[in-house]
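Per TrEMBL, the features are:
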type: BINDING; residues: A:350; note: substrate binding site
type: DOMAIN; residues: A:21-341; note: domain 'Aminotransferase class V'
type: MOD_RES; residues: A:198; note: N6-(pyridoxal phosphate)lysine
C-alpha cells in the first residue's frame, strides 16, 4: 500500500514516479552539511555511483551538485574545454542544440553532426568528421528525450579511441543512466552526466556526473582557470574527494534531503544485479513498442536498433495532435508528454518507462498507459 | 507533536530546523514540471517572493533555480557584469573572498574593501572608494555567516545612489532574508540573492534571487552574452515570467519537491506580518546575546549596531577551542557550528537563531542551547 495520495501516474520521460521510501527520504530531519552523519551518507552516494556507472578505476571521479542535468553541460564546457577549443556534437534532437549553445557560451566552437529526425549520426559519418578536424570532445546524447533515439555509445567510444584518441568521449546520459546499460570503464568513457529524476528514480534537483581519470588529467592540465564558479571542479574536486573519504569540508551547501533520497534510490538499485535492471527496462520497452505497433502507430525512432529502452516517442495518427489526446489521457489517470522536437512537436507524444513503473510489476502503470492510449485514440476516431 | 524523529536541534547558521509541514512537502508525489498543478505552485512561489522581499514594482524579477546560495554569485557575475568591469566587494569575512573569486572567474576585477575582523567597512570608507573609481556593482554581505556581522544595507544603498548612482547595489542575503528586515523597493536595492535553508526555513537546494527593473535593464543592455549557461538569465528570464503567469515552459527541469517545500515555507512566513517576524528574530537575538554576556563571553561582532539578528558568533574563553565544546554540546542535543573565518577559526563558535527555533516558542531550542553552552563551558572549567 503506497504512502502517497492517489494521483495520476507520471509517465513522461522524467520526472518519473518515485518509490515511497525515496520520497520519505526527502523529508529527512535537518542535518548539518558538515556533520558526521550527513557526510557519511554523501560518501555512500559517491561510492555507490561508481557501482551504478560500473567503474572500479580509482581515478574515476563522481560529482553530485545541486542543480539539474543541464548543469552537467556547464561542468563539461567550463572544466574540460577552454575558449577556442572545438567540440563535435552528435545531434539526435533538441538536446544537442542546447549542449552546442552551452559550449558556445564558454567560447568553444561546437560543430553539430546531424541525423534525420528519428535517426542518429552513422559511425562512418562520425569517423569522417573526426578525421577532418581535431576535436577536444565528442558529445553524444545516449537517449534523446526529444526523439526517443538511442545512440550506440560503446561503438562510438571505440571509434573515437581508434580514430582520434585524444578526443574525450562525453555522454549525456540524462535519460539513460539507471535504465540503459553503461559500462564506464569497459567502454572507456570520459564523462557521463545525468540527472536524478529519470531512471535513477530520485526527485529532480541534482546534477550527477562521472569523470574518468583521463578527464581529470585534462582538467588539471588546463591553461586557463575553469570559467564557471559554481560548476568549477577546482572548487568541487577536493570536496567530493573529502565526502567520499567521509571527511567534512565546505564549498557550497549541498541539499541533505536530496542526497538522502539519492542514497535511498541508489541502494534500492544496487540491491539487485544491474544487468537484471537493464533487462527489465528492455523488456518493458519491448512490450510498450509491441503494443504501439498493435495500435497501428509508428515510433519517431525509425529502426529497432536506435530505439531507446527508457522511453518511446509515439507518432500520432494523421490529423491528431497532442492536445487531442494528452488531456484525455490525464483524465484516465496517466500523464504522457507532448512532443519536444521543434520541427515536429505537434505530431507525436512521449511515454517514459523507467524506474518503479518498470521494476514494480504490481503498479501496472504501463498497462494502464497503453489501455488509456487505445481508448483516447478511439475517442478521436483513430483506433 | 512533531512528525520528525528525535534528533539534535540543528542550531548552526544554516541549514536550520524545519517545520513539519515544510518537510512533508518535500515528499510530494511526482508531478510533471510542465503540468498545470506544478506550474501554478511555482507561480505562487514567485509571487510570494515579491511579498517577502517587499517589492511591488512589477519590473522587479524573482529567480528560483536549482542550486545553492553560491549560484546567486554566478548569476550576478555572469549576467550583470561583463569581462573588464569592476566590482567593489565589501568584506566582513569569508564570503567576500569567495564572491570576489567568483567575479574574477568571470573576468571582472574585484576590489575588496576590508574591515577588521568583527567589524564592517565604514560609510566614509565606502564613499571614498566609490569616488576613486567607477564600479559596475557594489556587493555587501548582509549577515556574514562567518563572523555574525550585520551590514547597514539601507544606508549603503543610499550612499551608492548619492555618490555613484550607476553602480548596482547587490546584497548577499543568504543568512538574512526571512530574518532581517529587507525593503527591496524602498531601499532601492538591485539584487538580493539568498538560499532557502536559513531564515526562509526550507531545505537547501535552491538559489533564490530578486533583481530590480534597473538590474534587468543593465542585463538586457549587455554587449556580450551572459557567460554562464545554466545560470543565464537569457535562458531563465522567459521561464520565470511564464511560471509566474502560470504558463508552462521549459529550459531545465526544476525540482518540484523543493518548490513545494518553498511554497509551504513562504505561505507560513506570509501568514503573519513580516514586521512581527523580524521583531521575533531581533528579540531572540537579544536574549541570546544577553545570555552570552552573562556567561562572560564576547561576540566576534564588536558593536551592538553591527551584530546580526539571525546568528551569533561567540568568542570562546582563552585556551578553549571549538573541539573542546562542540562535541559536548552535541551530546546535550544541540548542534553549534565551529569557526569559519580562517584567521580565527579556532577561537569561536557560531549559533544560528532563525526560523522555527525563533518563531515557535514551544520548541525551547535556544534556551536549551544556552543551558548546554553553560554546562559545556563548566565541564572545561571555564564557566
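Glycine residues also receive a Cβ, built from the backbone N, Cα and C atoms like all the rest.
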Other CB atoms within 10 A, centred on the residue listed as 'substrate binding site': 23
Cβ neighbour count within 10 Å of residue A:198 (N6-(pyridoxal phosphate)lysine): 30
Arithmetic mean of per-residue pLDDT over the domain 'Aminotransferase class V' (A:21-341): 97
Nearest-integer angstrom distance between the alpha carbons (Cα) of the residue listed as 'N6-(pyridoxal phosphate)lysine' and residue A:350 (substrate binding site): 14
Three-class DSSP secondary structure - residue A:350 (substrate binding site): strand
